[in-house]
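The block underneath contains the structure these notes are about, expressed in structure tokens.
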């Protein structure tokens, strides 16, 4: 875990948010969302803080974090690449695109490259079926791709 | 007896409104807050269940208890579906039978079906269900759940490949104990029941109460097996093997041999232990009496000399771990007394060894306990006052049952025998009742009352603090002083009580806490009771009856009247809380961090790497 995200000011922000949510029913998800936003991930140190603040067991929090895809235990890369494996993209060959990206950046699905540059995710339908097959890199969307387009696109994010 | 006792039981109200429904053509009238499952039971109709565990896990997850309700679109889970007026239910239609069967086939499809070599062979709710439903083949082929076995702790072993994700362990830990070590993690096929962050049970704030094991319908959770270690010691001619049995074992062991719940099998148990080849068979009750002498005098000393109050009992190692992890502020309130079996071990390796002329290094002490936490307790580094481990191995009641079977002893045909009577053989009724919630308190009061009042009481039964209410309170007048006491069992209740004490809402002099609901009789090492049986019986009360029965028939019922205890003090320990007694019979505790993180981060309370396990 890179140390710089576990800064005192980040924990203070989280504390303030926990205090606001504390007595509300179903406070865990909003607190986790906020933590993910503040820290960029919810590692054990952060989950422990939430566990104490909301009086919910660490196992329960960890269960929720590992259930929902929006939470991550380790910091995501500078660029998060999402490859849509929804039905339309899949029949249009997004698996090939995904495999090519894996090869190009040498990262497995769901993992982050050791240099912290890329995180690779296989997503469900992102609602851009008209552009199938689609990938996203952070906020950018690339559609109607063929495998050969991949190296050119990745060059922009080196 | 002059003791004034007032009690405030905390009870829930009951509803009286009723509805009438028809189940399998039988009309039945039930309270309107009943589920279909409960109504069917009342009508004498047996609906199969698997994930259901009364009062603990009522979630409708496994879909085994499906029934057909007239007018409903789909089959419904009867364990969670409420009854309503005029409802018509079928529990045994072809549609229902087929659906139940398919659901169990699906559960079995990725289950590690090594039933022949499973710890729960012939005692598994999934196995029985599969037999009852007539499952002869599994039509679904697919990937099996990976066999990840966590056997790092001294107490509890988890085998992921047997887990059926019913959630019983999750909910007993989260709701009954309010600890929450286990939970569902990941998603879909990868879902597991596990501690946070893939940690071992050895590295989490688990108190090893073993209630998860008792709740598990299959072989996914079990105790760490120490049977072979004990057979080896018995086999070794150079080792003098002394066995001791906790009070609650006699109230549960019979169930391993199909005897009714609450059958007292003291004599048969002793006979079996002697046949198995133990050199000496003692009762931990002797040490329970010793505990009362030490703890009773510790209480008197604290009350009279301004010591830390309330004093809290320390017999339950699960409770001790709970306190160390969750309420370190209360560590000074804990009695410094070791738990009875550890005291017994220390006395065996000192006094007994001396009297018998045996080198303590050749003595092997085995404790048969209703408890899984004691397996970890006996490994605590400080439990070696003689220079040797106080206790060398702890076996659960279930393990003893297995050993008796392995030895092919016909348990039910055994003639009753007596514990060895020399030196450490005598015990009183006060020692026996240690196994039930309220028992340690009652035993202590029998002694403390007489010491403080300076006279003998005829009446010894403090019925006000018996029973299974969550928290029991009483006020007694002892030696002209008002003494306030409380009893809590199960760590959720313990937490509730301590919070009240912390906030100053309640003040007590003496508190008894046991880690398991019901006390040791329903400890994590006791025989499994099926969910079906648990719908009808409160095992806590039934097993406790066996102990109170033994208490009543014993000639001596107060610890301080135990003649061998008196002799032990005269010949060896001098007096309660003497220097020697402290050395051998008392201990200390330490605050433990729940989830130590090695990474120093910039939090105010910098996370330190305190030692969390016993290296």
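Don't overthink the numbers, they just go from 1 along the chain as shown.
The backbone N, Cα and C atoms fix where each Cβ goes, and this holds for glycine too.
Please treat TrEMBL annotations as automatic predictions, because they have not gone through curation.
According to TrEMBL, the protein has these features:
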type   : residues  : note
DOMAIN : B:17-95   : domain '2Fe-2S ferredoxin-type'
DOMAIN : B:95-134  : domain '4Fe-4S His(Cys)3-ligated-type'
DOMAIN : B:154-184 : domain '4Fe-4S ferredoxin-type'
DOMAIN : B:198-226 : domain '4Fe-4S ferredoxin-type'
DSSP-derived helix, strand and coil totals, residue by residue, for the domain '4Fe-4S His(Cys)3-ligated-type' (B:95-134): 26 helix, 0 strand, 14 coil
DSSP helix/strand/coil residue counts for the domain '4Fe-4S ferredoxin-type' (B:198-226): 9 helix, 3 strand, 17 coil
Structural state census, the domain '4Fe-4S ferredoxin-type' (B:154-184) (DSSP three-state): 12 helix, 6 strand, 13 coil
